[in-house]
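In what follows, a structure is listed as structure tokens, so that the remarks can point back to it.
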Amino acid sequence: GILSTVRATREASFENLYDKSKKLLDYMLLHGVTTVEAKSGYGLDWETEKRQLDVVGALDRDHDIDLVSTFMAAHAVPPEYKGRSQEYLELIVEEMLPRVKAENLAEFCDIFCEKGVFTADESRYLLSKAKEMGFKLRIHADEMESIGGVDVAAELGATSAEHLMMATDEGIRKMAEAKVIGNLLPATTFSLMEDTYAPARKMLEAGMAITLTTDSNPGSCPTANLQFVMQLGCFMCALTPVEVLNAVTINAAYSVNRQDKIGSFDTGKQADITILDAKNIDYPLYFFATNLTHQVYKAGKLVVDQGRIV
């Protein structure tokens, strides 16, 4: 679980985290990914949270993939604050968030709003303070139960809400009205062997924009294969091929606040292009469990060619 990974991350050096993360990014690049949102959240103390964010910054400079950083110290309540979740959030607000902002370590702030983790009121408290400091907002909500996280997302104008397997019709309506993007993580549902996938069709019918993302993490979703996630979007979320492609291109660009730079072929945008070995738009979602990437271009430069990083 999360706390097991927290223990391992606290013991890991910068170099160890960098090397492991670089391997994941290489794998993603080989599968056609050119921009990644990376979250902290496996430290739950300042030293380790900063180390994770420093790794993200270093890899953003060093790797062909562009990284967008999210600060998520509110991923869980650390063992040393067990039973004192509000006190831990106050520590984040008073000590961690100002330092993250001062050192420009992250663009977004996220929290896990779920029964047994943080309540809707606690999530509102943290995200309101983060918004005042100039952070863009995300929230993990409605993964196992609907406890008001999507209401917080709508009230505060969050860029996105993640998971949403248990989203209600009313919650979907509120998110659609507030233009909250639904970041759907079907590989997590698959990995946990759950039956309920996010109601993607209801979201689209309500006017929500959605993305499909890997949720790559060592606990609940140990995959970095976006093509597999796209296939789950078709098979388990009833999305069409065009809807899937929108979810991993222009909608994803909006979710990381890069819509003016990436996500579509437009004059003035960066030429991030993935060419698949596929005869039509349907084929990558029909021929599953295979990497179909032929070439990847980052800002117009060839970075992957026939299964190898250039």
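Yeah, the Cβs are placed from backbone N, Cα and C, and that goes for glycine too.
Here the structure is a predicted model, which means the values were calculated and not measured.
For reference, Swiss-Prot has these:
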| type | residues | note |
| --- | --- | --- |
| BINDING | Tyr42, Asn217, Gly219 | N-formimidoyl-L-glutamate binding site |
| BINDING | Tyr42, His75, Glu143, Ser220 | 4-imidazolone-5-propanoate binding site |
| BINDING | His140, Asp215 | Fe(3+) binding site |
| BINDING | His140, Asp215 | Zn(2+) binding site |
Fewest Cβ neighbours within 10 Å, where candidates are the binding-site residues His75, His140: His75
Close in space, distant in sequence - Glu143 (4-imidazolone-5-propanoate binding site), Cβ under 8 Å, 6 or more apart: Glu114, His163, Leu164, Met165, Met166
Longest CA-CA distance among Tyr42, Asn217, Gly219, per record bound to N-formimidoyl-L-glutamate, angstrom: 11
Residues satisfying Cβ distance under 8 Å from Gly219 (N-formimidoyl-L-glutamate binding site), sequence separation of at least 6: Gly1, Ile2, Ser4, Thr5
DSSP three-state assignment for Asn217 (N-formimidoyl-L-glutamate binding site): strand
Coarse DSSP state, helix versus strand versus coil, of Tyr42 (N-formimidoyl-L-glutamate binding site): coil
His140 (Fe(3+) binding site): secondary structure state under DSSP, collapsed to three categories: strand
